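For reference, the structure discussed in these notes is given below.
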Amino acid sequence: MTKENTKKDTYSFKAEISKVLDIVIHSLYTDRSIFVRELVSNAADALEKMRHIRLTEDTGQENTLKIDISLDKENKIFSIRDNGIGMTQEELKKNLGTVAHSGVIEYLEKVKDKNDLQLIGQFGVGFYSAFMVAEKVEVISKSWKKNASAWKWTSDGKTGYSIEETDHDENGTIIKVYLKKDNELFIEKSQVETIIKKYSSFIPFDILIDEEKTETVQAIWKQLPSELKDEDYKTFYSFMWNDFSPPSFWIHFSTDAPISLDAILYFPGTNMEKFGLRGPEESEVSLYCKKVLIEPQAKDILPKYLRFVKGVIDSEDLPLNISRETLQDNSIIRKISRVLTSKIIKVLSEKMKKDKEKYNTFYTEFSRFIKEGVASDLERKEKLAQLLLFESLKNEEKITLDQYIENKKEDQEAIYYLMGADRKSLENSPYMELFKKNDTDVLFSYEPVDEFVFQNLMMYKDLRFVSADTQGANDISNEEKEKENKALIDWIKETLEGKIKDVKVASRLTDSPVMLVSENMSHGMQRVMEAMGNSGLAMNDDTSNETLEINP
Ligand code: ADP
Ligand code: MG
């Protein structure tokens with residue numbers, strides 16, 4: 001049969017498609033390279049379906065399923081070919097001429113002003129992204145079905161398309177994108193390769209650019225943890241984040257409710273923020289849908305204080321749910337974030353119990369972030385507080401708040417803490433005398449941020465946090481003794497007038513003659529700041545607001 005004689009049918013686009021095209025063509029703010037991702041995904045889908053058919057039917061085919069991209073510099077054509085299932089004439093009309101998902105119009109309304117089409121592939125209209133860069137697109141396709149003929153679909157993306165019979169020897173599809181002016185970068189091999197690596201590294205088929213194979217990687221998150229070795233996780237980690245120091249540990253899990261997803265989350269070995277190597281705004285978690293990158297460094301997928309966690313999330317629920325929910329308020333992202341956050345806290349708390357050493361190493365690097373969480377995540381602050389560790393008067397090794405409470409005195413109604421530069425100065429502090437005498441433990445803190453943590457928590461398991469250098473810590477009243485020593489007290493008051501607020505007798509002192517006690521906690525922090533600059537437990541210069549407790 002000679003194809004020249006066959007008739008060419010023209011059709012106009014349905015209203016919905018026209019709307020899609022209108023927005024696609026005028027979308028100034030979209031990263032145009034996503035059209036490559038969309039066409040590669042479609043080719044991979046077609047290959048995946050073909051692989052499935054080969055498993056269930058005798059097609060007699062054994063050739064390797066692959067994607068071939070060729071870059072025609074002379075004619076400025078980007079073309080992509082697959083040997084997948086292909087399309088019949090009817091399928092071409094249906095698949096490339098109608099909208100399959102109802103959510104698409106809603107989505108387009110949402111992005112109309114932003115012109116950002118990152119998620120276009122989630123709505124069954126990814127193909128049309130080619131018109132961002134094309135003045136004409138040709139789709140040559142031949143279905144895998146027996147005796148199917150080949151068809152050519154052509155469109156300029158304006159009013160409609162035409163279909164005619166054509167020649168094509170194997171089943172599969174070729175999509176020829178005739179590039180508009182200023183889109184020459186899409187015929188540059190290195191550029192195309194970069195795009196493929198960014199979005200399509202995990203496509204489970206060979207991708208060739210001008211006959212040269214590009215590097216692809218296993219999407220290990222889709223495998224079972226039992227199939228994987230530690231080495232696989234580590235290799236994947238260094239590939240993804242270019243971080244060649246090994247991660248401390250990781251979790252690989254899947255969930256079905258409230259959203260179905262597969263995820264691997266890594267807890268790095270080093271806190272890079274410490275070195276100023278990454279900023280607090282960055283996310284290291286990427287969002288995939290069926291192995292195709294949807295959002296690199298996805299924003300809001302974890303609360304800010306968990307930004308040190310690196311990972312990949314793959315959710316097939318993404319397309320359906322996103323089209324149903326409004327995109328703007330990102331409720332799906334929030335749902336994922338909730339799932340991940342509880343999982344991370346749970347894993348850390350298990351780690352703390354089961355692998356103390358590993359947890360301690362992790363804690364030394366990342367305690368900052370946990371503390372940030374206690375101060376910022378109202379809903380989970382108690383859970384996060386369980387992850388905190390402190391040295392104490394009685395424990396040189398770090399203990400948890402729960403351990404502190406387990407070993408507290410029976411009538412003890414507060415969690416006492418004291419801030420200072422180091423263990424030695426806190427142990428020798430006069431404020432500790434009474435606590436030593438009473439055999440009461442006191443948490444030691446060497447970081448000013450802890451003051452915020454305690455202030456934010458206020459209570460932990462019904463116990464208040466009380467700084468050991470405040471009046472709240474002096475639980476014994478001394479009216480009797482104050483009367484006895486009135487003359488001494490008056491003399492000191494007179495002598496130190498303006499320098500201190502008050503003079504009182506303190507029975508908590510046994511060896512030291514006097515100590516200064518502040519009324520509120522923030523003085524404790526000032527002292528730590530000073531102590532870091534001076535040696536030992538330096539005192540605040542301005543004591544006019546403090547009480548001098550004396551040991552008569
Ligand atoms: P989606 O991939 O989400 O369905 P697209 O707009 O990307 O939406 O593609 C529309 C449809 O066109 C696909 O569902 C598929 O049926 C068909 N299609 C696109 N590209 C190919 C291809 N390379 N091989 C076979 N069918 C294809
Ligand atoms: Mg698609």
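In case you wondered, yes, glycine gets a Cβ from its N, Cα and C as well.
All TrEMBL annotations are machine predictions without curation.
Note that the coordinates shown come from a computational prediction; the quantities given were computed from them, not determined experimentally.
Lifted from TrEMBL, the feature list:
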type	residues	note
BINDING	Glu38, Asn42, Asp82, Met87, Asn95, 102-103, 122-127, Thr173, Arg324	ATP binding site
DOMAIN	30-183	domain 'Histidine kinase/HSP90-like ATPase'
REGION	1-324	region 'A'
REGION	528-552	region 'C'
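Where TrEMBL records a feature, it is marked here on the structure.
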residue: Glu38; record: ATP binding site; contacts (Cβ under 8 Å, 6+ apart): Ile120, Gly121, Gly126, Phe127, Ser129, Ala130
residue: Asp82; record: ATP binding site; contacts (Cβ under 8 Å, 6+ apart): Ala43, Ala44, Ala46, Leu47, Leu65, Lys66, Ile67, Asp68, Gly172, Thr173
residue: Asn95; record: ATP binding site; contacts (Cβ under 8 Å, 6+ apart): Met87, Phe127
residue: Val125; record: ATP binding site; contacts (Cβ under 8 Å, 6+ apart): Val20, Val99, His101, Val104
Packing count at Phe127 (ATP binding site) (other Cβ atoms within 10 Å of its Cβ): 21
Average model confidence [pLDDT] within the region 'A' (1-324): 89
C-beta crowding around Gly103 (ATP binding site), within 10 angstroms: 19
Asp82 (ATP binding site): secondary structure state under DSSP, collapsed to three categories: strand
